Amino acid sequence: MRIGFGLDVHKLVENRKLILGGVEIPHDKGLLGHSDADVLIHAIMDAICGALCLGDIGKLFPDTDMKYKDIDSRVLLRKVFEIMDDMGYEIGNIDSTISCQKPKLRDYIDKMRENIAQDLHTNTFNISVKATTTEQLGFEGRCEGITANSVCILNKKDL
């Protein structure tokens, strides 16, 4: 068994789509980044990479490489799955928290869990996604950005 932790933060800006867990969320701002800036999927990928001692996602998918410009983060998550699978591991479980003041995410969480479970070839029971606010404190509370944290347990596959 291996444990990994991931964290990602992106700034909210106008004229960008807000994508979390592969779900487009109606909002007046989106997250700024080289890819689609999906902080939830980025935190999950970092957790998996950490558990496998691969470094962070910037090492695997550098923002200096134009082939990752505006890429769908689910494509990258599937690549991380392939690496994990090739190394002989599978998802035990993932627990993630998204921190933002707005928008409210409750109605989108089930679809996020489904997307992530599909890309990681696991059951949705193994994928937890929660959302919270910072009670209007800090940059999340001022609606300047969104943070996601994730922890994962990977199990060695039975051969």
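The backbone N, Cα and C atoms fix where each Cβ goes, glycine too.
Going by Swiss-Prot, these are the annotated features:
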BINDING   8-10, 34-35, 56-58, 61-65, 132-135, F139, R142  4-CDP-2-C-methyl-D-erythritol 2-phosphate binding site
BINDING   D8, H10, H42  divalent metal cation binding site
SITE      H34  site 'Transition state stabilizer'
SITE      T133  site 'Transition state stabilizer'
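Here the features listed in Swiss-Prot are painted onto the structure.
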{"residue": "D8", "record": "4-CDP-2-C-methyl-D-erythritol 2-phosphate binding site", "Cβ neighbours (10 Å)": "25"}
{"residue": "H10", "record": "divalent metal cation binding site", "Cβ neighbours (10 Å)": "21"}
{"residue": "H34", "record": "4-CDP-2-C-methyl-D-erythritol 2-phosphate binding site", "Cβ neighbours (10 Å)": "16"}
{"residue": "H42", "record": "divalent metal cation binding site", "Cβ neighbours (10 Å)": "28"}
{"residue": "I57", "record": "4-CDP-2-C-methyl-D-erythritol 2-phosphate binding site", "Cβ neighbours (10 Å)": "27"}
{"residue": "P62", "record": "4-CDP-2-C-methyl-D-erythritol 2-phosphate binding site", "Cβ neighbours (10 Å)": "11"}
{"residue": "D65", "record": "4-CDP-2-C-methyl-D-erythritol 2-phosphate binding site", "Cβ neighbours (10 Å)": "10"}
{"residue": "T133", "record": "site 'Transition state stabilizer'", "Cβ neighbours (10 Å)": "14"}
{"residue": "T134", "record": "4-CDP-2-C-methyl-D-erythritol 2-phosphate binding site", "Cβ neighbours (10 Å)": "14"}
{"residue": "R142", "record": "4-CDP-2-C-methyl-D-erythritol 2-phosphate binding site", "Cβ neighbours (10 Å)": "12"}
Per DSSP, three-state class assigned to I57 (4-CDP-2-C-methyl-D-erythritol 2-phosphate binding site): helix
For the divalent metal cation site built from D8, H10, H42, further residues of that chain with CB within 8 A of the site's CB center: V9, L31, G33, A37, D38, V39, L40, I41, A43, I146, A148
Inter-residue C-alpha distance, H34 (4-CDP-2-C-methyl-D-erythritol 2-phosphate binding site) and T133 (site 'Transition state stabilizer') (nearest angstrom): 25
Integer Å distance between the CA atoms belonging to I57 (4-CDP-2-C-methyl-D-erythritol 2-phosphate binding site) and H10 (divalent metal cation binding site): 14
